[in-house]
Amino acid sequence: MEDEAVLDRGASFLKHVCDEEEVEGHHTIYIGVHVPKSYRRRRRHKRKAGHKEKKEKERISENYSDKSDVENADESSSSILKPLISPAAERIRFILGEEDDSPAPPQLFTELDELLAVDGQEMEWKETARWIKFEEKVEQGGERWSKPHVATLSLHSLFELRTCMEKGSIMLDREASSLPQLVEMIADHQIETGLLKPDLKDKVTYTLLRKHRHQTKKSNLRSLADIGKTVSSASRMFSNPDNGSPAMTHRNLTSSSLNDISDKPEKDQLKNKFMKKLPRDAEASNVLVGEVDFLDTPFIAFVRLQQAVMLGALTEVPVPTRFLFILLGPKGKAKSYHEIGRAIATLMSDEVFHDIAYKAKDRHDLIAGIDEFLDEVIVLPPGEWDPAIRIEPPKSLPSSDKRKNMYSGGENVQMNGDTPHDGGHGGGGHGDCEELQRTGRFCGGLIKDIKRKAPFFASDFYDALNIQALSAILFIYLATVTNAITFGGLLGDATDNMQGVLESFLGTAVSGAIFCLFAGQPLTILSSTGPVLVFERLLFNFSKDHSFDYLEFRLWIGLWSAFMCLILVATDASFLVQYFTRFTEEGFSSLISFIFIYDAFKKMIKLADYYPINSDFRVGYNTHFSCACLPPDPVNLSVSNDTTLAPEDLPTVSSTDMYHNATFDWAYLSKKECVKFGGKLVGNNCDFVPDITLMSFILFLGTYTSSMAMKKFKTSRYFPTTARKLISDFAIILSILIFCVIDALVGVDTPKLIVPSEFKPTSPHRGWFVPPFGGNPWWVCLAAAIPALLVTILIFMDQQITAVIVNRKEHKLKKGAGYHLDLFWVAILMVVCSFMALPWYVAATVISIAHIDSLKMETETSAPGEQPKFLGVREQRVTGTLVFILTGLSVFMAPILKFIPMPVLYGVFLYMGVASLNGVQFMDRLKLLLMPLKHQPDFIYLRHVPLRRVHLFTSLQVLCLALLWILKSTVAAIIFPVMILALVAVRKGMDYLFSQHDLSFLDDVIPEKDKKKKEDEKKKKKKKGSLDSDNDDSDCPYSEKVPSIKIPMDITEQQPFLSDNKPLDRERSSTFLERHTSC
């Protein structure tokens, strides 16, 4: 909707007359609510219909007359059934649409207190229910709160509440400092307006100032002195004629009531743990309902204070009160009063009405808020649902932004995580991203990245001052160390130890620390990748075959590749990232996740091959299984027992000593030592090592299962919230520690983490600096540009796709991205690593996602029954920097790290692979292939896209993923980045296979399509002129229809509860239904 008011076209422009058949043919009638005069004053200056407006009217009339009679009939009927804008919506549009610099209204805590007799005698206000988001009731006999549940209201109570707002006292922005002063003000206002008899003021005041008993309070034992002083009930005192004058009665009773009233919160309030569920700036809304015997007509008041005031023990928790709703009525209708109290309390917990209550100017604004609530309310048939059944709060609440934006003229709601829904078409995935806009200037994007990130540089350090950062450091450190060791070992095998584990550690530490300190997105974790390893292997073999110096050749390739990356930075080539839609991103990230999962199981299977299980072992036949080490020559080498060496002496014994200078008992040798010194292993059990494989799999699967379970422990029902959050944050670290202890207690010799203990190059044939000349012919320096082009594509694709995944809008990053700055530092670090003969590093997808997951922030306070809301990610540079510094220091922590079993770290790899697949739409669609239709979840794209089209899209994605996997597993893996680039071309071809409507829900729309669509919208807006935006989506021409709300017919036939207990008098009991009937 537009923010501007709808132009008054005049009643004669197009008038709809209600037909008798239309009225009689429906079971509901349509009631028009007159727009208050204040609505007219809100409008801007009147404009006479000029030439342009007349032209519009003629054009609309022509369009309308061109349609067939059937279409006109359909439009006529639809205009009756569904008006464009209801009067409530019009008014709320002005209330919520006003530009106001004041902060958003605070969270409300709503409490329902009812006037009840305690022990059958004394009347007190007893808390019976409370709301923040959901309703909690005080159980009848359990003296406990119920579980939070969705409040189910009767439709009749909502209409009675609406009548209460029409008939009762509405007091807005009043000032009061205490509850007695507030009650006095309400009673005086009722008397002034003729709603309360003056002689009833004392009784009403006494009743409203009775003691409030909350669920947190236990029954207090009254002393003997108090028993004689307290009054048995309010009705007994007021029915006694000897009590003296009304003034004296008021003084006495008020003073006795004030004994329990204080402006300061009580100790029980301050100790209430429920305060943890409320934000610091929360305010209270108190609802007081009850029945008394001295009133003939209901006493109704709705009060909004100018400033929230602490009213003592009025509220369960020590928060100031802003709203007060009072309903006292005659005896016999306690249930009706209770339901009305629940209705106003539920309305105050509704986000839209909550805002209206704060901004309302008069009674009509509040009534419009109720009408808007009625427009959105859903009615359940009485015979198909039991109201006593409590509806569990949903896991994800529907956002109220759609309702608010509709009235405030906000942006369209978003779907698919980041794609705005515009009539079925989404906006391009990254096309509207400021960081990816091409500047057209030399290094324009890089300069903008630096200017964007510079103001946040200081906050990137102090934002890490949280216990969550410690958990992230330990988790990512262990993942990085494991990855560095694994990659270093493979790289050593591929390059004949020209680059090994130590180079991997040093390169990871230097590159990662510098990148996290100065890059545009410090949440990205640098690591070595599979395609880089394949390139290193091919390059080493090529250099070996052609007698080239491998490290010098690699140096020039790195320099050329870094130069090309800098050219890409200078020309803003990162704008091409906007063509990486969800299809490309999910294909790449899913592939990397599957690689992590595959490698974890592959390493465990390799471990099982190295430590095989003896499947032929039979219990009770232990004597059949043996293994002995025999000397290579059957000569007696161990005759003398005097010189027999113990196992601890082995390190000092050489092979020559064993054969010539000392006698030796070969039975003390281990399997490895026996083979090393040339002995022979004899026996049928020599190939088997008991328990190691089994124990390794227990550690592997136990670490994974424990990590997953403890990560989800935050939503568990056990332990307090703080403990659950702490366990969830440290889930991976706790899992590693638990299974390290189990491994140590069991004592099985499982393979452990091996870290280099000396700081020196792995190969003795190289140093820490590679000279650029002298090892190869001069033309090799120029020829290196050809393979460097392939490396540049590899670096650019790996880096930018990971950066796009990290910077997705669903992560709610607030400090912006830095695509150009990131690539700049990757190029600089590539130069450094090339000169030092260290591996090249690029953004690692899975570890980066794990880093983000470990730093996700949620609301500290959430209403009972409400899931914590995701606030964003803790954006800072400290965690990544410390992770890589610790990685560099790992050489000196070898004595500690050697106790960590490798199967435990493989379990962490498995966890990272599986966890990074959570929330990926591709995985959700993959599960749909195996699900019957009736069991499929209610995904938004399933509502708008045919299932066969969804399956076709998923099948194409699976096919592309399978081709990438096959390519990765062959020698052609070096062109893997090129094939990732081919995914963009495949996605482009899908525009001819799928409609833009389908792609807007299943994927992101490619920027050109989005750009054209936006240009078309601009043209439409220019043509439409000042017509209301709702008419753009409607088939009906503009008309000034009478808006209406639908009311069931049986409501008009019921006696309003506000009337006296007399026979039905239609003239006296006329409600807003009869006063505002439009037809």
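Every residue, even glycine, has its Cβ placed from backbone N, Cα and C.
According to Swiss-Prot, of the candidate residues S68, S76, S638, the site noted as phosphoserine is S68. When S239, S257, S1059 are compared in Swiss-Prot, the phosphoserine annotation sits on S257. Judged by membrane topology as recorded in Swiss-Prot, E585 shares a side of the membrane with L1002. For the annotation phosphoserine, the record in Swiss-Prot points to S245 among the listed residues S102, S245. This prediction places the mean pLDDT of the region 'Required for interaction with AHCYL1' (1-62) at 41. Within the chain carrying the transmembrane segment (551-571), a Cβ under 8 angstroms from the stretch's Cβ atoms is held by residues 442-443, 445-446, 498, 536, 539, 543, 766, 770-776, 780-781, 784-785, 787-789, 791-792, 795-796, 820, 823-824, 826-828, 830-831, 833-835, 837, 840, all 6 or more beyond its ends.
In the region 'Interaction with CA4' (748-779), helix, strand and coil residues by DSSP number 2 helix, 1 strand, 29 coil.
Beyond its flanks by at least six residues, the transmembrane segment (726-745) meets 467-468, 471, 474-475, 478, 695, 699, 702-703, 706-707, 710-714, 719, 854, 899-901, 904-905, 907-908, 911 of its own chain at Cβ-Cβ distances under 8 Å. Most Cβ pairs under 8 Å with the transmembrane segment (838-855) belong to 522-542, among the candidate stretches 522-542, 586-609, 693-710, 780-807, 902-918.
Listed by sequence, the residues of this chain that lie at least six past the ends of the transmembrane segment (522-542) yet keep a Cβ under 8 A from its Cβ atoms are 460, 476, 480, 483-484, 487, 490-491, 494-496, 498-499, 504, 507-508, 511-512, 515-516, 548, 550, 553-554, 557, 595, 787, 790-791, 794, 798, 802-803, 806, 813, 822, 826, 829, 839-844, 847-848, 851-852, 855, 873, 875-877, 880-881, 883, 968, 971, 973-974, 976-977. The transmembrane segment (467-491) and the transmembrane segment (693-710) are not in contact, since fewer than 3 Cβ pairs between them lie under 8 Å (pairs 6 or more apart in sequence). Away from its own ends, the transmembrane segment (780-807) comes close to residues 430, 433, 435, 521, 523-524, 529, 531-532, 535, 539, 548, 552-553, 556-561, 564-565, 568, 573-574, 576-577, 580, 584-585, 588-589, 772-773, 813, 817, 819, 822-823, 826, 830, 840, 842-845, 848-849, 852, 974-978, 980-981 of its chain (Cβ-Cβ under 8 Å, at least six residues beyond either end). Panel annotation: around the transmembrane segment (693-710), residues 600, 604, 607-608, 611-613, 727-728, 731-732, 734-736, 738-739, 742-743, 746, 748, 750-751, 901-904, 906-908, 910-911, 914-915 of the same chain, lying at least six beyond its termini, place a Cβ under 8 Å from a Cβ of the stretch. If one looks beyond the intramembrane segment (961-986) by at least 6 residues along the same chain, the residues whose Cβ comes under 8 Å of a Cβ in the stretch are 530-531, 534-535, 538, 579-580, 583-584, 587-588, 590-591, 594-595, 790, 793-794, 796-798, 801.
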